[in-house]
């Protein structure tokens, strides 16, 4: 029955149904993506070999390796230590705390995944804000948005960047050169706006500030040996990322090797049975749902790509913009920002990557795509700040806040974050224009 149909009439409905079910969020997204990928194979759109070839194993390796590094590093307590020290460096000043915690969150998110960052920083922030007698809500909004902005700056900071970097052959250094300046501009602008509108009105009594200064930051470090190991391996992994072009190594191989090395160091000196328990506990902290989600998504998108449907969409966009590079980049930026505010940006970016690749001939070759890759990254990552459902970090903080009795609903968050998001996208638009055109 299906063999008589053109592949495009099978692949596109499978893609639409898969994405609709992912957006509806009634079932686990990894299951939906894997079912979508399996359907592409069973209905003959892809052979099994084509499906396997469509999986970007560099992306899978990079995600898995970084998750291993983070899972082991977080046990040391270093992230809680940094949050407490950030509060003490500004002498417990609420306005200074707003700035320092925002910057710390952005920095951590440039190296770790956003969800891990806010999971570690948000509870400490709530505790410090309550000691100072100020409402935690503004601090939490600042940290959520900072985590997404900080994640934009590097190859490993946000899953969409990992996808883009692998597809476009952009290195860790390329992201620092092209994405980080825009992320830094947006972050500093946000810090200034929040300080002017919120920070200057905050006040804390002398007793409250003394209580914050009395917090023992060093007690947050529960595994000094593990911290030394993690710091050493993280440093070597970052060095590997920065020299990847010279060495010819893929980021996925570097991250996986680093993860395995830290896993080995983490278990030195433990008995064999204890090693097994510790290793299984570490593997249990890896976000396998996201890993399998990527696997299924790669196959689904590959199925649509081989039918030529995405190349057709690319042609329509190029025709609508008359091949104007600035207009095309602007369309990519704003469509990514708007859609990423209301749906998961990972499937959107996964679908857009082959569309952008197909635009290369109409825009003058692969070199002309760099501004489009930058636009896609900035739009997808910045746009995730727009609403509560725009990014996983947003929902994570909402859950933490609500468990602590802090109102953090869709409307309240969106009213606070949407203006900041629009401002950041406007900054991204200006950056694209001034930097590339």
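Using the three backbone atoms N, Cα and C, a Cβ is placed for every residue, glycine included.
According to TrEMBL, the feature transmembrane segment maps to residues 30-47, out of the candidate ranges 30-47, 84-101. When the ranges 264-288, 289-313 are checked against TrEMBL, the one recorded as transmembrane segment is 289-313. Looking at 134-155, 200-221, the range annotated in TrEMBL as transmembrane segment turns out to be 134-155. TrEMBL assigns the feature transmembrane segment to residues 413-434, out of the candidate ranges 105-126, 413-434.
Among the recorded stretches 30-47, 59-77, 175-197, 413-434, the one sharing the largest number of Cβ pairs closer than 8 Å with the transmembrane segment (226-246) is 59-77.
For the domain 'Citrate transporter-like' (19-379), the model's pLDDT averages out at 90.
Beyond its flanks by at least six residues, the transmembrane segment (368-393) meets 114-115, 117-118, 144-145, 147-149, 151-152, 158, 160-161, 164, 168, 170, 175, 178-179, 182-183, 186, 325-326, 328-330, 332-343, 345, 348-349, 352-353, 356-357, 359-360, 408-410, 413-414, 417-418, 420-422, 424-425, 428, 431-432, 435-437 of its own chain at Cβ-Cβ distances under 8 Å. Stretch with the most C-beta contacts under 8 angstroms to the transmembrane segment (413-434), considering only 30-47, 175-197, 289-313, 333-356: 175-197. Same-chain neighbours of the transmembrane segment (289-313): 6-8, 11-12, 14-15, 18, 28-30, 32-38, 40-41, 45-46, 50-51, 53-56, 59-60, 63-64, 159, 346-347, 350-351, 353-355, 358, counting only residues six or more beyond its ends whose CB sits under 8 Å from a CB of the stretch.
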